[in-house]
Structures are given as structure tokens and as C-alpha cells.
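**Q** What follows is a structure written as C-alpha cells; I'll ask about it next.
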Amino acid sequence: MLLLLSVIAPVFILIGLGFFLGRQGVFAPDQIRGFGRFVLLVALPALLFKSLSAAPMAQVFRADYLLVYGLASLISFAIGFALFRRQENLAVSTVRAIGMSCTNSAFVGIPILTQLYGAAAAGPIVLNMLIENFVMLPLVLVLLEASEKSTHHWGALLGTVLKGLIRTPMIVAIALGCLFSLAGWALPPAGVKAIGLLANASAPLALVTIGASLAGVSLHGRRGAIGLITLGKLVLHPAMVMGLLLIMPIADPMFHTCIILLAAMPMVSIFPILAQRSDDTETCSAALLVATIGAFFTLIALMMALGVQLPAQ
């Protein structure tokens, strides 16, 4: 357990540091948003490109992983949507359901999994991001657009959403990393070092940014909804993955473990931003805070149950 704590604790210490700095007013809200944009637009794409460009593509892309994780995420979303739709409108139900089914693979997944598996963790992380960016986020954005319009042109809505997502730096970095790997290309040494420096900045800055962004969150809101969203993300989502693995097993031990751990991580960091479109920011921000704290304990318990070991062992 102490060895697992050595993996989990640094991640949550940095989140706690960000929370403390945010509470102390060291960073203004605009600065915190700027840090987040730097991570999303520069540092994380650099990390993804660095990892993928050096990885054999045959070992990265797995149809079984995409199928299991995609189905588990959609089932979790559907359950959450059905539960909330009985009392809430389309927008609120949609956003709360995505909080139960869309993982923060980038900000939380990368720091934890790279400690366990090194550069090889890029495989499951990229597969997660493909599901999140091309399945889950388009789903929620299309439903939110539909909730704001009286007439629905589903094809046009989906096309607009996908066009925007394809242009995001993370997706471009994934595409370029795959291209460099398949073609056997390499950047000149100076470019490799520059990309490496940016990649190394991604994890600590991302974690501090998460903590700082949560510093202004209060636990006011609908506590029943907060609890349900949190349980959905930390318990239901990984349970759906484990259930589907019984039917469609993944033979590779690393991918098998990573798919469960990633499903058990807190929800995507833009969850409260999406909630602004449903006037549900208070409840969703509180759920993100509770889930982030709760994940410290649930991830340790899950790692112990799965028999996760550090590379040195």
C-alpha cells in the first residue's frame, strides 16, 4: 500500500498545492485559466506527440479497448441521463450524465499511469482521448445545442461539433505523432529537446491548475445530485468497464489495468464549464471537487484490488 501511495500521493499533493495557492489568492482566476489553456494547447499536445511518435502503432491502437471503453462510457452516460431526466431538463441531465461517464484522462490519468508504465501508458491514454473527443464530447455538445434550439438539424450539429474538435491541438498532436511513427520520421535533436521540455511541464502544471480551479468551489448545491454524480464517476463507470471485460476480455495486462483505472478517475476538468450552459455550475463544480477528493481513496483501493505493482517490483 505504501508503494501505491508513492504513486498516488504526489498527484494529489500537487492538486492540494494548487488548491492552497488558489485559496490564498496567489493566482487570479484569469491566470489560472491561462495555465489551463497552456496545458491543453501546448504542453499536453507536446507530451502526446513525444510519446506516440516513438511508439509502435500496432501496440497502441486496439479495437477491443476502444469497444469496451466506448460502450462502458455510453452505458454510464445513458444511466445517468435516465436518472436525472425524470426531474431535470435536457441540458442539466446531459451535463450531469457526462460527469458520470467522461474521465480526466489528460490531467489526472497521465501523471498516474506514466509513473506505473512509463511511455507505454501513452497507448491507453490516447485511446481514451479518442473516445472522449470523438464520442462523448460530441454527444454532450450536440445535446446541449439541441436543448437551446427549437428545431434540431442533427447532422449539421454533429458536423459543426466534429469540425471544431478535429482542429484542437491534442487531436492534431495525436495525428502527427501517429504519422511520424508510421513513417519512421524524427525531429532534429533541438526539436526533440524542445518537445521534451514542454512535455515534462504538462503533468505538474496540469495538476496545480486543477487544484487552483477548485479553490473557489463551495459544496453548496443539490447534495443528492452531487453524491449521485460522484458515485457514478468513481464507482459506476469503472464497474461498467469491469463488467464488459468479463464479456470482451483484453489480454494485454497493461491495457486491462489501465482501462479500469482510467474509468475510475475523476471527471473531465471542463465539466463545470459545460455546466454553465445548463445553469448548473454550482452543483457540477461541487461534484468535481468531491470526486477529486474521493478518487484519492478509491484509486488506492482499486489498485490494491487489481494487484498493481510499481515497475521496480
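Placed from the backbone N, Cα and C atoms, the Cβ positions cover glycine too.
TrEMBL lists these features:
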- 6-22: transmembrane segment (TRANSMEM)
- 34-53: transmembrane segment (TRANSMEM)
- 65-85: transmembrane segment (TRANSMEM)
- 97-119: transmembrane segment (TRANSMEM)
- 125-144: transmembrane segment (TRANSMEM)
- 165-188: transmembrane segment (TRANSMEM)
- 194-219: transmembrane segment (TRANSMEM)
- 226-248: transmembrane segment (TRANSMEM)
- 254-274: transmembrane segment (TRANSMEM)
- 286-308: transmembrane segment (TRANSMEM)
**Q** So, does the transmembrane segment (97-119) come close enough to the transmembrane segment (34-53) to give 3+ Cβ pairs below 8 Å, pairs being at least 6 apart in sequence?
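**A** Contact criterion met.
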**Q** Apart from its near flanks, which chain residues at least 6 from the ends of the transmembrane segment (65-85) lie with a Cβ under 8 angstroms of it?
**A** 92-94, 96-102, 124, 127-128, 130-132, 135-136, 139, 225, 228-229, 232, 236-237, 240-241, 243-245, 248, 250, 255, 259, 262-263
**Q** With a Cβ cut-off under 8 Å, give me the same-chain residues at least six positions beyond the ends of the transmembrane segment (125-144) that come close to it.
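**A** Here the qualifying positions are 48, 51-52, 60-62, 65-66, 69-70, 73-74, 77, 90-91, 94-95, 97-98, 101-103, 105-106, 109-110, 113, 154, 157-158, 161-162, 165, 168, 170-171, 174, 258, 262, 268, 274, 277-278.
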**Q** Report the listed stretch (97-119, 254-274, 286-308) having the maximum count of Cβ pairs within less than 8 Å of the transmembrane segment (194-219).
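**A** Ranking 97-119, 254-274, 286-308 by Cβ pairs under 8 Å to the transmembrane segment (194-219) puts 97-119 first.
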**Q** Sequence-remote contacts (6 or more beyond its ends) of the transmembrane segment (254-274), Cβ cut-off under 8 Å?
**A** 36, 62, 65, 68-69, 72-73, 95, 98-100, 102-109, 112-113, 117, 120-121, 123-125, 128, 132, 140, 144, 210, 213, 217, 229, 233-234, 237-238, 240-242, 245, 281, 284-285, 287-288, 291-292, 295, 298-299, 302-303, 306, 308
